[in-house]
Amino acid sequence: MKLGVTVLSVALLVAALCPPALSAPMGSDPPTACCFSYTLRKLPRHFVIDYFETTSLCSQPAVVFQTKKGRQVCANPSESWVQEYVDDLELN
């Protein structure tokens, strides 16, 4: 039972920390990072070192956090913890 819960927890964590998908508009413009889903869990603040917001070319708005390990995680910009992290990163 404990092994199954551990495996499920690890699988959910890996899925939450997957990098966002890339989509490229037609033409010679460089690729644009877009998010098609958001992380379901709040990231530990000490994992996050930077962020950027997706452009208006993307179908849905997102904040993309970069972790210490170089992963990019899509987050919902309307969630309070996301806004708090963005404010904190702007101040530092």
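Glycine too: its Cβ is placed from the backbone N, Cα and C atoms.
Taken straight from Swiss-Prot:
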DISULFID  CYS34-CYS58  disulfide bond
DISULFID  CYS35-CYS74  disulfide bond
SIGNAL    1-23  signal peptide
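Each of the disulfide-bonded residues CYS34, CYS58, CYS74 was scored by how many other Cβ atoms lie within 10 Å of its Cβ, and the smallest score goes to CYS58. Cα to Cα, CYS34 (disulfide bond) and CYS74 (disulfide bond) are separated by 9 Å. Annotated pair CYS74 (disulfide bond) and CYS58 (disulfide bond), C-alpha to C-alpha distance, rounded: 13 Å. All protein chains shown were included, and the count of other CB atoms within 10 Å of the CB of CYS35 (disulfide bond) stands at 24. Cα spacing between CYS58 (disulfide bond) and CYS35 (disulfide bond): 7 Å, rounded to the nearest whole number.
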